Every structure is written in structure tokens, then in C-alpha cells.
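**Student:** One structure follows; several queries about it will come next.
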There are 2 protein chains.
Amino acid sequence: MKRAVVLLSGGLDSAVALWLAKSEGYELYTLSFDYGQRHNKEIMAAAKIAELAEVKSHRLVTINMDQWGGSSLTDKSMEVEDGDVDRTDIPVTYVPARNMVFLSIAASFAEAVEAQNIFIGVSQVDYSGYVDCRETFITAMENAINQGTVMAAEHHKPIKVHAPFIYKTKTEEILLGAQLGVPFEHTWSCYRGGEKPCGTCDSCLLRAKAFREAGVIDGAADQQ
Amino acid sequence: MKRAVVLLSGGLDSAVALWLAKSEGYELYTLSFDYGQRHNKEIMAAAKIAELAEVKSHRLVTINMDQWGGSSLTDKSMEVEDGDVDRTDIPVTYVPARNMVFLSIAASFAEAVEAQNIFIGVSQVDYSGYVDCRETFITAMENAINQGTVMAAEHHKPIKVHAPFIYKTKTEEILLGAQLGVPFEHTWSCYRGGEKPCGTCDSCLLRAKAFREAGVIDGAADQQ
């Protein structure tokens, strides 16, 4: 059976990526990260989503990357700004090299379970400030993974990094997710660490806008 | 002042890389990893070496990669084999994608402290079974780092991955280290987790052979 490691943040994009991989018949290995993010409710959301998707194995990797800050998501002394969906600069929620670290660890997990596929739910349409969501980076990283793992470089089993939403908008992802039956109500998007989504950070604003545009109801009972 | 992040395992190679970077005038930021390896004496060795090199900042990153095993270094149910310096297959001490994970996290740290240089003490001469010690991988990873960090991809400050020993033998490294005044006696090479180096694992054998060939005395008082 073909196997896939799916990066699962607990947010919307990665949940749709997981259901897409499931619909394509992969045996699923999900990976979440506790990297000191303030919105660690997403970690619990990821575990719930993995359970609902009936994955073969779900792993939580803990890394203390928050020790060098650089982002309001991990540096508790910085504030998460209110969002502005039309911004063009790099948001302070950028975590240095986060997707590179996630993909590297996914490659290690993939090699350990002999999975030749990694799924990541990034899009360069909605998140142009995050350079690690661009196709050029995904391609470069796939190349590094294939040079740096014995499975690929010695045993002729290349690893494919799937970024199925790289050119999709969040609205298109939601439409696909609705078709696939993604349990949106169990996903968590808010950057702030409150009981309920704040409704005002970048991530909450983008989510609300996309559901509105898709004409889909955001089933999260406790969403704003 | 130019800054460098140096991957510091506590072993011999990375200690020479650190002294080399020091001799070249870099402000030094060292990074060690606790990834569940059984030879975690090297973590203490790294801290001591960083102190002796008078680095600006030394960080220990903890990642629970041992949860998926795949290597005798992290999987406590596997044995570390006795060494064979003439082996050609992949040793069971291979940790899936280890250097990729280390370099990714180094890139995150580099971006946080605005260092445009990363040093890694790998050699493809002595460790040909480890594909993540080859120049093709280092080059691919440098490219991924430059695509995946805002500093490089947006702010025109590229990051260089230095692998100064990529074509050097361990014997040549030791000769250079002796010139630079590396405190070899504080480095730790043994793969096994004992009080003293076992003298029989791959790493101990390679170290002893290289010191012998270099005609340098291994100052580690408790080395075999």
C-alpha cells in the first residue's frame, strides 16, 4: 500500500490535504509539531483530525525552537497583531524556516516508515509573504530530501513532496474540503492562544473571508 | 561583525570546524541537538567546547526524533555494532535525514540572529555510507535554505553553508585541528553511551586510526 506522511497543523489547509491524500488511497502517517507556538490548541485539533481520518500513525514532534524567537507566534514577549488581509510585507507571525524544519523532520519520518510521499498544505496565493510557502522552495526542498535520504539517494525510492494547494486559494481549498467531507468544525486557525478564535488576527480574517467566498458554513461551533 | 552558526555535536569534526570558523573571525553561534541519541555525553562535550571557544551563544535543541527509531543511535532496542572501518554498506547508526534536520534548524537560528554563514563538519571521504554528508546534498540544502528563508529570498542576504572538510580525511582534520589548538581532549566520539569510549564501535575505530595516521596524540585522557 502506498504511504504518505502528511504535515498536520490542526488548521484548515492541512486538514484538506489529509482528506485529499485519504481520497487518493494513501496509508496515512500524520505529523504535528509543538514548537512553542502560542496557539497550541491546534495541536489538540490535529490529534482529533488524525483520529477522524483513521490514520495509521499520528506523531507529535516537540522542538524548542521558541528559544530564539523571531516570531510573535513563539516569542511570548511579542504581540500578535490584528490582521490586515491586504498586507504585502512579511507578517510578524513568520517563524524562521518553519516549513523547512517541518519538511526535514517529515523526511526523516518518511524514511523510517518507507513512505515515498509527503503532503504539505501550503499555498503561495494566500500567503505570499511566507517564502517557505512558494513552489520554488518546495521544489528545492524536495531535491534536498532526495539527496539527503538513503532511501532516495541510495535505494532508488525517491520521495515526492506534494503541495496540492500551491496555486489554490483558500476559498478553492474549502470548496474541495466540503466535497471531501473534511470536518472543518474540528480545525483551529486562530494565531492567538485564547479559548475561542479571536476573529481579528490575520488567520481568523483569512478563514472567515474564504468561507464567506466559498459559500460554505464554517461548522466550528465556537468560531466567531 | 560577520556571524556564523556552527553545528556542534561534541565530536571531533565539528570542534575543528568551530575552531576554523573562529580563526576566520566569525562571531560564533553554536547549536547542539538532543535527538534521543544514546551517546548523549557528546551534548555535555559540546557545551564545554563552546565555552572554551568563547562563543557568543550556545543553544541546545531538543527533538524527540527517537520516537520513530530506524537507527541504533536512537532506538534503544537495537545494538550498536562493533565497527568495521572497511565497510561499504549503510551502517545501522544512520539516523534518517539527520543532517537535513540539523541544517534546517541551523537555518532558522541563523535567520533569527541574522547570520549568513552555517558551518557543518561533514566529510564525504570517511563516511561515504551517509548520503547526508555528501557535497551534492550540502549544495541542495544550501539552495533550499536560500529559497526558504525571508532573509535570503526577500532581503538579499544569502546564507552560505560551509562544509570545509567535505573532501578532507579525518587525519587531515586532526592535523588542522592540532595547528588551530582544538582541545581534542574535550571531544567525544563514541557511539555507545558508556562512561568511557568503548574503543570498538565504528566511531572509536575511525578516531583512533586517524590520530595514529596524523601522528597526533589523542589528548582525551579517558580515551582508549
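These residue numbers are counts, starting from 1, taken along the chain as shown.
Keep in mind that glycine also has a Cβ here, set from the backbone N, Cα and C atoms.
As listed in TrEMBL for this protein:
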- A:L8, A:S9, A:G10, A:G11, A:L12, A:D13, A:S14, A:A15, A:V16, A:A17, A:L18: ATP binding site (BINDING)
- A:C190, A:C198, A:C201, A:C204: Zn(2+) binding site (BINDING)
**Student:** What number of additional C-beta atoms lies within 10 angstroms of the C-beta atom of A:V16 (ATP binding site)?
**Tutor:** 27
**Student:** State the count of C-beta atoms found within 10 angstroms of the C-beta of A:S14 (ATP binding site), not counting that atom itself.
**Tutor:** 26
**Student:** If you run the three-state DSSP split on A:S14 (ATP binding site), which class comes out?
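**Tutor:** Reduced to three states, the DSSP call for A:S14 (ATP binding site) is helix.
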**Student:** If you measure A:C204 (Zn(2+) binding site) to A:L12 (ATP binding site) at Cα, how many Å is it?
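**Tutor:** Roughly 11 Å, rounded to the nearest whole number.
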**Student:** Of these binding-site residues, A:G10, A:C190, A:C204, which scores lowest on Cβ atoms within 10 Å?
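**Tutor:** Comparing Cβ neighbours within 10 Å for the binding-site residues A:G10, A:C190, A:C204, A:C204 has the fewest.
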**Student:** Give me the Cα-Cα distance between A:V16 (ATP binding site) and A:C201 (Zn(2+) binding site), rounded to a whole Å.
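**Tutor:** Between the Cα atoms of A:V16 (ATP binding site) and A:C201 (Zn(2+) binding site), the distance comes to 21 Å.
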**Student:** Look up A:C190 (Zn(2+) binding site) in the DSSP assignment and report helix, strand or coil.
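**Tutor:** Reduced to three states, the DSSP call for A:C190 (Zn(2+) binding site) is coil.
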**Student:** Could you say which of the binding-site residues A:L8, A:L12, A:L18, A:C201 has its Cβ with the most other Cβ atoms inside 10 Å?
**Tutor:** A:L8
**Student:** Between A:L12 (ATP binding site) and A:C190 (Zn(2+) binding site), how many Å separate their Cα atoms?
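**Tutor:** Computed Cα spacing between A:L12 (ATP binding site) and A:C190 (Zn(2+) binding site) is 11 Å.
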**Student:** In terms of DSSP three-state secondary structure, what is the assignment for A:C204 (Zn(2+) binding site)?
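**Tutor:** Helix, per DSSP.
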**Student:** Return only the integer: C-alpha distance in Å from A:G10 (ATP binding site) to A:C201 (Zn(2+) binding site).
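**Tutor:** Between the Cα atoms of A:G10 (ATP binding site) and A:C201 (Zn(2+) binding site), the distance comes to 17 Å.
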**Student:** Can you tell me whether DSSP puts A:C198 (Zn(2+) binding site) in helix, strand or coil?
**Tutor:** coil
**Student:** Express the distance between the Cα positions of A:C201 (Zn(2+) binding site) and A:S14 (ATP binding site) as a whole number of Å.
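**Tutor:** Between the alpha carbons of A:C201 (Zn(2+) binding site) and A:S14 (ATP binding site) there are 19 Å.
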**Student:** Could you state the CA-to-CA distance between A:S14 (ATP binding site) and A:C190 (Zn(2+) binding site) to the nearest Å?
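**Tutor:** A:C190 (Zn(2+) binding site) has its Cα 14 Å from the Cα of A:S14 (ATP binding site).
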**Student:** Could you name the residues, excluding A:L8, A:S9, A:G10, A:G11, A:L12, A:D13, A:S14, A:A15, A:V16, A:A17, A:L18, of the same chain that surround the ATP site, i.e. Cβ within 8 Å of the Cβ centre of those residues, in sequence order?
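**Tutor:** Leaving out the recorded residues gives A:A46, A:I49, A:G121, A:T187.
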